[in-house]
Amino acid sequence: MACVSQPPADAHPGPRPATDVSDDSTAAPGEVATADTTADAMADTATDATAGATDPLTEPVEDAPGLSHRERLLVALLGPRRLALGATAHDRLWGWLGVAVVAAVAAVLRLWDLGRPGTLVFDETYYVKQAWTLLRAGFEANWPEEPNPAFEAGDVDSFLPTADYVVHPPLGKWMIALGMRVLGGAENPWTWRLASALVGVLAVVLVARIARRLFASTAMGVVAGALLAVDGEAIVHSRTGLLDNMLMIWVLVAFGCLLLDREQARRRLAERCGAILDAGGRIGRYGPGLGWRWWRFAAAVALGLACGVKWSGLYFLAVFAVVSVLWDATARRTAGVGRWWEDALVRDAVPAALVMLPTAALAYLGAWTSWFRSPGAYMRQWALDNPGEGVAWLPPALRSLWEYHLKMWDFHNGLTSEHTYEAHPLGWILQWRPTSFYWRSYDPGEAGCELERCARAITSIGNPVLWWTAALAILVALYALVRLKDWRALAVLSGIVAGWAPWFLYAERTIFTFYSIVFTPWVVLTLVYAMTLALERTEHRAEARARVRTWITVLLTTIGVVSVFYYPIWTAWQVPYWFWRMHMWLPSWI
């Protein structure tokens, strides 16, 4: 049997690896998970494989008496730390209890006084009113001139019977509308933002669970969830009825599904290759097929729905699909497949494309269901009004939708109007030019102001300490990807590449730093990855490890204190003007 490379170990080895005990089943929807029975010899071998290794990424798993080929492959493909995750009741309990605690904190920060301010904030002027008319009329309707004061006062049904020209698909607005439906109307600002707030809490839960699986550490999962819970970008978007938070949740769901798919595929590969080897056969030039990949299918659905919120979900579809196939290729190489790259191309890449692209496309079309069902929707009757024009071979409804998309495309390409808070994407990772969502200044006696001057602000700026240290962590992850060949570095960087890099192609357009909310979960994951790597690299040096833990504790405490300091200007508290000014650390933040 060929030697196989060892994935990186976690900083906290915990109990002996076991594949028969886990709270993280990767069984796909409708599939029954089978228990893995692993002997103590496997645990000993898995532990020894990383003990004293100078490079845990390339340390081979040696043969051991009583250990089957399948068991050796499981250790090689998933790593002893992942196999040990959830092996004790204590770890399983904290795997959920820790998440519940950070989710509760996130819920308080997002839901408390959610109706403040009681006016439409920033682009809520578009999306909230469009969401309400979707709920009432089935399509985004026009409004009379200057409708906001009346809408904010409770006159929410003064929209016109004609369709509005909107430039984003409807799913994100339907998600906002769901919050209105749950609370029974649009008269209360709570209803405008409830869906965003719940999505924000869900994102914290997902990041915590994803980080736990990604780093094979319950503690690091809780840390990741806590960081997202207190970050400013995440809090501001969770308290505002915009689309970007909705896009973020769907791409995050897709990422989680692909992590589950990675593990499920590797378990199947170990099972099938191990069966061949245990029967006295050998792995030749080509390995076994892995069957239907339910989690990959689910990821494609989520990515199609992400595109149904904003088209920028397409970049995540492209990047995540490539990353998923790369994981398949390296798994086949680790399992000893001769022509592993060719095998991955035929058995994994082609099926992935045949499944993910049509599935995502159908999910995207599904996001337009209300448009198809509404004769009065914008350009819905274009094909009937323009017979013989456009893509003639398409059915009338799809022909109309295609022409609508061409018009949307022209709008986005021509969006070059100046805006006070437009920002070049190069500065996003440093939050160089944050977006002001809301600003009010009050003189003495106005709106309860008892000082010389008061202010209310909602500034979409991430926690500066978190984002600045994460910028350094990106460099660490790049080093780990190139030098250590660490798959986790590729994972955490993938979301940043998909959510950030494409905007450099459109730097001349009117774009904003707040778009960074879409890749904020990966900013957090990259920072936590750097912490995890530092702990791993000092695992056998007690003094160095103690220093790393101290620095991590200081960093996390500082981030928490800074979040407390910034919370008032993330949530429109009325504060003294000088207090608001204290938060403007850079001239570009004003």
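Backbone N, Cα and C define each Cβ position, glycine as well.
Small disclaimer: the values here were computed from a predicted structure and weren't measured.
Look at TrEMBL and you will find 168-257 tagged as domain 'Glycosyltransferase RgtA/B/C/D-like'. Residues annotated as domain 'Protein O-mannosyl-transferase C-terminal four TM' in TrEMBL: 398-589. The region 'Disordered' annotation in TrEMBL covers 1-40. Look at TrEMBL and you will find 93-112, 190-207, 214-230, 242-260, 312-329, 350-371, 465-482, 489-506, 512-536, 548-569 tagged as transmembrane segment.
Note on the domain 'Protein O-mannosyl-transferase C-terminal four TM' (398-589): its mean pLDDT in the predicted model is 96.
Helix, strand and coil content of the domain 'Glycosyltransferase RgtA/B/C/D-like' (168-257), in residues and according to DSSP, is 74 helix, 0 strand, 16 coil. Looking at 93-112, 214-230, 312-329, 489-506, the range that has the most CB pairs within less than 8 A of the transmembrane segment (242-260) turns out to be 312-329. Sequence-distant residue pairs (6 or more apart) of the transmembrane segment (465-482) and the transmembrane segment (512-536) include at least 3 whose Cβ atoms are under 8 Å, placing the two stretches in contact.
Contact check: the transmembrane segment (489-506) against the transmembrane segment (312-329) gives at least three Cβ pairs closer than 8 Å, residues 6 or more apart, which meets the contact criterion.
As a quick check, the transmembrane segment (214-230) and the transmembrane segment (190-207) clear the bar of 3 or more Cβ pairs under 8 A, pairs 6 or more apart, so the two touch.
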